[in-house]
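Trainee: What follows is a single structure, and I will ask about it in a moment.
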């Protein structure tokens, strides 16, 4: 059977990873204004996220505006949104399934093999959710890099990575690690001897008992 310590570690890493995914999805700092070129204006820092854009003044004032219409957003941002939401939902579902199959829980404790397989299934679901988040973060980062090095992009509209995308990346990788630990909870099949006990051995044992 699987080691309960490994299962607990995988569960903890997955839980922290899911929290990181949620926090990273909510925060607006997915990309921030890049200070490049000769004329650099540092009075205002612009942040853009999946749900809103913010402007941070040098005076310490922060103004945020939620995106009004989904249809006005580009397809890349909508795809990133969808993948992050799917990744979070699938990861939470996988964590719930894995918690049922962990050795430290009492649910279904009568069947040890089925319980371990349940934990393994939860780990696989977690890996699927983490993969969605990794693809979303990587695709968003690819678009930021492509726009940054595009010579036709105005200097004042160039962006670089913000803190939120790194939080989401870290959460997804923790989710992958935790899901892999839970998915490794594969039950070992019991080894059955291929050769039954011979009749001669049984008769010899019986004759020995008679002489005792």
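Using the three backbone atoms N, Cα and C, a Cβ is placed for every residue, glycine included.
Per Swiss-Prot, the feature region 'Disordered' maps to 191-212. Per Swiss-Prot, topological domain 'Cytoplasmic' is recorded for 1-7, 103-119, 184-212, and the stated evidence type is sequence analysis. As annotated by Swiss-Prot, topological domain 'Extracellular' applies to 29-81, 141-162. According to Swiss-Prot, the transmembrane segment annotation covers 8-28, 82-102, 120-140, 163-183, on the basis of sequence analysis.
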Trainee: Under an 8 Å Cβ to Cβ limit, what residues of the same chain, 6 or more beyond the ends of the transmembrane segment (120-140), are close to it?
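Mentor: Contacts with the transmembrane segment (120-140): 10, 14, 17, 21, 30-31, 76-77, 79-80, 83-84, 86-101, 165, 168-169, 171-173, 175-176, 178-187.
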Trainee: How about long-range neighbours of the transmembrane segment (82-102): same chain, 6 or more residues beyond its ends, C-beta under 8 Å?
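Mentor: Tertiary neighbours of the transmembrane segment (82-102) are 4, 7-8, 10-11, 14-15, 17-18, 21-22, 24-25, 50, 108, 115-133, 135-136, 139, 168, 172, 175, 179, 182, 185.
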Trainee: Could you give me the DSSP helix, strand and coil counts for the topological domain 'Extracellular' (141-162)?
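Mentor: With helix first, then strand, then coil, the topological domain 'Extracellular' (141-162) has 11 helix, 3 strand, 8 coil.
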Trainee: Where else in the chain does the transmembrane segment (163-183) make close Cβ contacts, counting only residues six or more beyond its ends and a cut-off under 8 Å?
Mentor: 6-7, 9-25, 27-31, 49, 84, 87, 91, 94, 98, 119-120, 122-127, 129-131, 133-134, 136-137, 140-141
Trainee: Over the span of the topological domain 'Cytoplasmic' (184-212), how high is the average pLDDT in this prediction?
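Mentor: Mean model confidence (pLDDT) across the topological domain 'Cytoplasmic' (184-212) is 51.
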Trainee: Take the topological domain 'Extracellular' (29-81) and count its residues per DSSP category (helix H/G/I, strand E/B, coil), listing them in that order.
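Mentor: Taking each residue of the topological domain 'Extracellular' (29-81) in turn, the totals are 7 helix, 19 strand, 27 coil.
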